[in-house]
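Note sheet for the following structure.
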Amino acid sequence: MKKIIINYIGILMGLALAAFGVVAFILPNGIMIGSATGIGRLIQHFYGIPVSYTVAVVNGLLFALGFAVLGKKFALSIVVSTFAYPMFINFFERLDFLADLTDNALLAAIYGGVLIGVGLGIVIKSGASTGGTDIVAIIFNRKLGIPVGLPMYLIDFSILVSQVFFAKGSEEVLLGIMMTFLYSMVADKVVVAGGSAVQLVIISQKYEEIRRRLAELVVGNTVFYGESGYLGNRRDILLCVISGRELNRVQNEILALDPEAFMTINSVKEVKGRGFSFERGKAKQIRSEKAKLSRT
């Protein structure tokens, strides 16, 4: 129970930081931004509706989509993020003095990007999703085996491009792109404390169940056969390399199967070769074909 409370506190702190960065630095300086906040900025420009209202509606609709497609368990994991984030935005929007913190667009992009990145990183590290347009990316991942990052960046890029048409100059466009890359990098650093990918080593008597579950999650893994140094018992060791955004989800799945599983987590400087991202989609297709063949 204590861990759950700490996680929820972390989620709320992260969402508050991200919302503060958006309201204090991004919106007052007209800097482009992606996700549901970017859609809110579009609607505000054309209809004058506060960003927080649009974010609440978009998040609510996507939450319903996630519940329908991915189920109750997934919906519960994002319910706090879905509704708390627009509430924080609405709260900070009411503090007029925040809009006057700086009129230097470059400083605003840097500080806004860092705050949003730290906030999102804390949310992900606390075991939650940020909700919003990320839900669409997760649906693509779960149903089609496409790595989460690809649709996530495509959606954000599309929302960014849509804001180009009312940008006051090329600087707004360039700062928006820079800020997006900045908060993505900062979030990754917060999640994995140093790298964009992590190596996970798992030792468990239930390694076969864990191996099958990792395969279902489209997480490649390798089995090593070892021996415990103290008792000399045979141990089967699983090794996998995953993105930082997947770490908490994979950890939770492993611990659900074996609460006593021994795990070590290491930051990975660089990943090369096939299997980390490109082959995940193919892996899911192969399993689907095998399932069809087994039924014939």
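Backbone N, Cα and C atoms are what each Cβ position is placed from, and that goes for glycine too.
What TrEMBL says about this protein:
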DOMAIN    220-273  domain 'DUF2179'
TRANSMEM  5-27  transmembrane segment
TRANSMEM  47-67  transmembrane segment
TRANSMEM  74-92  transmembrane segment
TRANSMEM  104-124  transmembrane segment
TRANSMEM  144-167  transmembrane segment
TRANSMEM  173-203  transmembrane segment
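Beyond the ends of the transmembrane segment (173-203), by six or more residues, the same chain brings 26, 31-34, 105-106, 108-110, 112-114, 116-118, 120-122, 124-125, 156, 160, 163-164, 167, 210, 226, 235-245, 247, 250-251, 254, 261-269, 271, 276 to within a C-beta distance below 8 angstroms of the stretch.
Residues of the same chain lying 6 or more positions beyond the ends of the transmembrane segment (5-27) and with a Cβ under 8 Å from any Cβ of it are 33, 37, 41, 51, 80-81, 84-85, 88-89, 91-93, 95, 98-99, 101-102, 107-109, 111-116, 118-123, 125-128, 130, 179.
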